[in-house]
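Copied over from TrEMBL, here are the features:
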- 5-271: domain 'HpaB/PvcC/4-BUDH N-terminal' (DOMAIN)
- Q153, I154, D155, R156, T190: FAD binding site (BINDING)
- 280-478: domain 'HpaB/PvcC/4-BUDH C-terminal' (DOMAIN)
Amino acid sequence: MTRSGKDYVEGLRDNRRVFVDGEYVSDVAAHPAFKGAVESIARVYDLAHDPANAAEMTFPSPTTGAPVNLSYLIPRGEDDLRRRRVALRKTAEATFGLMGRGPEHVAGFLAGWAGRSDVFAAGEQRFADNVTKFYEYVRDNDLYCSYAIVPPQIDRSKPAHQQADPHLYAGVKEEREDGIVVAGAQMLGTGAAISDYLVLSCIVPLQPGDEDQAISVAVPIGAEGLKIYSRRSYAEAATSVYDYPLATRFDETDSLIVFDDVFVPWDKVFVFRDRQITSDQWSRTPAHLLGNNQAQIRFSVKLDLLAGLALRVARMNGSDKFPPVRGVLGELAAHAAMVSGLVYAQEQNCELDEKGVAWPGREECYATMTLQSDFYPKLLHLVRDLVGGGVIQLPSSAADFENPEARADFERYVQSPGHPTIERVKLLKLVWDLVGSEFASRHQQYEMFYAGAPFLVKSRMSQIYDFARAEALVDGALAGYDLGGRTETVQA
Ligand SMILES: Cc1cc2nc3c(=O)[nH]c(=O)nc-3n(C[C@H](O)[C@H](O)[C@H](O)COP(=O)(O)OP(=O)(O)OC[C@H]3O[C@@H](n4cnc5c(N)ncnc54)[C@H](O)[C@@H]3O)c2cc1C
């Protein structure tokens, strides 16, 4: 059954241990560092919970028949991927594509795992059953899962077991009859502070000897011993919504997750000390594709926002008809259209596996991931180029308008035809929060790294792309001529 925003907020009042600015936060929903993000996620919950959106954003739970969020759908074909995209696009539009790790992100991973629980059965059947039961539980209760699947940067030159302390990277410290004890840390739990469950696993390759880190488990955020160290909150530092319209509402926060001897009962263990299955869960299930397909649907919304803002500023400044400005707008539009197109292509080129689960088109999904780390910073640069100093020549904060002398000067000098001061400043402060503020800068880092270090993503693309198709063309081209000058058109 879908939850309302109110249900979600009430669920956050547990024993979670979230730290920010040296303070232990007992109620994230009320704390200025997290309040804005919690309210935004609550609105996302309300959206799917609204009966008017049920047909578009939910499907009947196969176990209870009640409507559940479409982000949890295990797709069985192109139509399911299309339905899923429509729901995920609407979800992303509610936050303008600015919350990368809302409830719908890890939902896709869990659907991918549950669709291929047989991969987990290679360990033991009970692990596959745990995956299925956990997936059904979070789906039917509409829970918000975040994840931490990358070890912290301590010494990247050494595998987990060769670090100064074998329990620096989160892993098994003790095996008990009723479960396992996990110790160590993992990065970088985006949204963890405001979610219900954390999935802990490892996506980076593990070496022989790293078996303790070769796990997949789920823990409630309020679990004893789980500590969430949030980075600085941009929402808390913001002067007002008018000054920082995005940071105040969509700062999902990212955290270092520390497992201080966290007990995990066996029924929440999906992979146990198995390097092969830890790796297979990403590559032999559609989890990574479904999760990243969602991420790209979200990304395409953000690119539309970026393009729309660029046009609005150009129009306001009277530069929108200048040919070079049209060129910049065209470049922004082309990237937005390309990402949308690659999302559509993932549906069209999906593949059904032997269990009847639809995997979004691989080449298109990884192509987007590969390119976005390079082009997102470039698009920010294009917008910065377009807006010039306008985003800097602004009142220091909304409080300036309360001073009559300052307000009079701003009303005279900071305005454009058809755009009185308050509107002009509003638009430019929105642009700055998307391309230049600390929030914007974190977003740049996010789009570059959320799918992994760019060099790794690129190298994965080189394994996925159909080079046989490309090489066949090379063979054809080489076969068409020889040293003697013979040329012919070769049949493909
Ligand atoms: C804003 C943000 C949010 C995130 N949210 C989450 C989340 O919710 N959950 C989660 O699990 N993770 C999250 N991540 C973490 C993300 O998955 C990692 O940042 C990513 O996997 C890359 O790992 P790393 O940051 O440790 O970089 P590293 O692996 O340390 O790489 C950094 C750079 O070092 C160089 N380098 C490193 N190793 C090599 C090598 N072997 N060969 C050549 N060059 C190398 C490359 O230049 C590389 O780009 C988030 C990251 C960011 C920035």
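The backbone N, Cα and C atoms fix where each Cβ goes, and this holds for glycine too.
Mapped onto this structure are the features recorded in TrEMBL.
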{"residue": "Q153", "record": "FAD binding site", "Cβ within 10 Å": "8"}
{"residue": "I154", "record": "FAD binding site", "Cβ within 10 Å": "13"}
{"residue": "D155", "record": "FAD binding site", "Cβ within 10 Å": "10"}
{"residue": "R156", "record": "FAD binding site", "Cβ within 10 Å": "9"}
{"residue": "T190", "record": "FAD binding site", "Cβ within 10 Å": "23"}
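Residues Q153, taken from the binding-site residues Q153, I154, D155, are distinguished by a CB atom under 6 angstroms from ligand 1. When secondary structure is read from DSSP and collapsed to three states, D155 (FAD binding site) falls in the coil class. Model confidence over the domain 'HpaB/PvcC/4-BUDH C-terminal' (280-478) is summarised by a mean pLDDT of 97.
According to DSSP, T190 (FAD binding site) is assigned to coil rather than to any helix or strand.
Between the two most distant C-alpha atoms of the annotated FAD binders (Q153, I154, D155, R156, T190) there are 22 Å.
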